[in-house]
Amino acid sequence: MNWRLFCKRKLNFGKRLVRIHHSNAVLFLLLSITGFILFSTAFRSTFPGMRVDIKNAHIWIGFISILPLFFYLPKITRHLKRLRKRLKHRNNLFFVLTILVSLLISGLFLTFQRSISPIFSSFMLFVHDMATWIGVPYVIYHSVTRSKIFKRFESGQTPKVPVPVEDGNPILKRRTFLKKATGGTIMIISLPFIGKWLSAYIPSGSTFSSEVHANEFTPLPKPKPKSKPPIGGGRNGQFRYYTVTEMPTLTNKNWSFTIDGLVERPKTYRWKEFLELGRDVQVSDFHCVTGWNVYDVTWEGIPLKRFLESAAIKPEAKYLKFYSADGVYTDTLTVDQAMLDDVMIAMLIDGKLISKQNGGPVRLIVPKMYAYKSVKWLNRIELIDNEHIGFWEQRGYSKDAWVK
Ligand SMILES: Nc1nc2c(c(=O)[nH]1)N[C@H]1C(S)=C(S)[C@@H](COP(=O)(O)O)O[C@H]1N2
Ligand SMILES: [Mo]
């Protein structure tokens, strides 16, 4: 990388192209780092307080990356003419431009994700991820094989003499070998990531889909006929399992469910008693504010409205505070929102007890709002008269979580 190029005013055509290329590289690196942090489920618990800032930084760097393209476009015909005889370089150029444009366009839509339909945002997320999973390994390969260190390595530090082009030439052989080895290594490293991502698009039940830990509770709730087989026909799409802590391991022994605060009949349930509460079945869609969605999920559980009615809310109660057994995550609804028909304390998904990763054995479901409202490992509902601000809302997520 030649940093001096960035300050020079008079540059010839070739140097100008190099400068654009280098700015692109720097921006792409920043986008990859911030993008990886946003994608990685592990980083959710590392610095959740910075998540919204990192997201905004990613978006702004994305906008700035349009600039090199603008500078480049007027030069493209002249550049292509120069590459007339270098087919490989031309293909490389078209490939990189396609990746960049796909990333920019899908990124733009994802930025305004809340104003587009969930189906379209799912598709844009797919494009964004796909372009990333192809683009990032390619760019790494490209930067490694074009780096000075690699070139020195390649030539075995022999002094620069013209290399005769013939098949048996040892330097050329070494070069192809090193390039193939580099490409292979990068592929092997990126495959698990790509596999994990792709598995979300492969129908569940296949051997590729990520392993799910069943919750072992006894007795297991007996699914209603509407739940098994699921009236929704089985969910479409896959969850990305999120947590901001270690996932809590819940058992018959350590699990309980409490309703308290401003209610006439506070109560703590153990598993067996909880199973006796009347359940309903509903089919709904699940939307994460980061752009992924799961459609036609058949949930079975206790409608929150009915649960609250039996606890008898006091008139001064204005809000509900939902607690998670992870000890950290909370969220909130107003009493009016909590009374919506489809808000549910869910226990079964598509006829099975909700898995550990998915927030089981009991999680909240608020289908009309983004899923950060849907507290996993739900174990307590408290009725309060003052506003509570949820985990993600404290860290910059909108208090208005309605899906439009
Ligand atoms: N306890 C707890 N509940 C949570 C979260 C979390 O990190 N911890 N993440 C929320 C967010 S942002 C989403 S999108 C959904 C994800 O649900 P899933 O992990 O079952 O896919 O859970 C919500 N509920
Ligand atoms: Mo989310």
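Cβ atoms are placed via backbone N, Cα and C, with glycine included.
Keep in mind the model is a prediction, meaning the values are calculated, not measured.
Confidence over the domain 'Cytochrome b561 bacterial/Ni-hydrogenase' (15-142), given as mean pLDDT on the 0 to 100 scale, stands at 93. Annotation comment: TrEMBL describes 15-142 as domain 'Cytochrome b561 bacterial/Ni-hydrogenase'.
Annotation comment: TrEMBL describes 247-392 as domain 'Oxidoreductase molybdopterin-binding'.
The transmembrane segment feature in TrEMBL is assigned to 25-45 (among others). Beyond the transmembrane segment (25-45), the same-chain residues lying 6 or more positions past its ends with a Cβ under 8 Å from any Cβ of the stretch are 1, 51, 54-55, 57-58, 61-62, 64-65, 68, 103, 129, 132, 136, 139, 143, 240-246, 290.
Annotation source TrEMBL lists transmembrane segment at 57-73 (among others).
The annotation transmembrane segment is assigned in TrEMBL to 93-113 (among others). Residues 24, 31, 59, 62, 65-66, 69, 79-80, 83, 120-121, 124-125, 127-128, 130-132, 134-135, 138-139, 289-291 of the same chain sit 6 or more residues outside the transmembrane segment (93-113) yet have a Cβ under 8 Å from a Cβ within it.
Counting same-chain residues at least six beyond the ends of the transmembrane segment (119-141), those with a Cβ under 8 angstroms from any Cβ of the stretch are 25, 28, 32, 35, 39, 95-96, 99-100, 102-103, 105-107, 109-110, 113, 182-183, 186-187, 189-190, 193-194, 197, 201, 237, 290-293. The transmembrane segment annotation in TrEMBL covers 119-141 (among others).
Look at TrEMBL and you will find 181-202 (among others) tagged as transmembrane segment.
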Intrachain neighbours beyond the transmembrane segment (57-73), with Cβ under 8 angstroms and 6 or more residues off its ends: 17, 20, 23-24, 27-28, 30-31, 34-35, 38, 79, 100-101, 103-104, 107-108, 111
Residue distribution over DSSP helix, strand and coil in the domain 'Cytochrome b561 bacterial/Ni-hydrogenase' (15-142): 116 helix, 0 strand, 12 coil
Distal contacts, the transmembrane segment (181-202) - CB-CB under 8 A, six or more residues away: 126, 129, 133, 136-137, 140-141, 144-145, 150, 208-210, 237-238, 240, 292
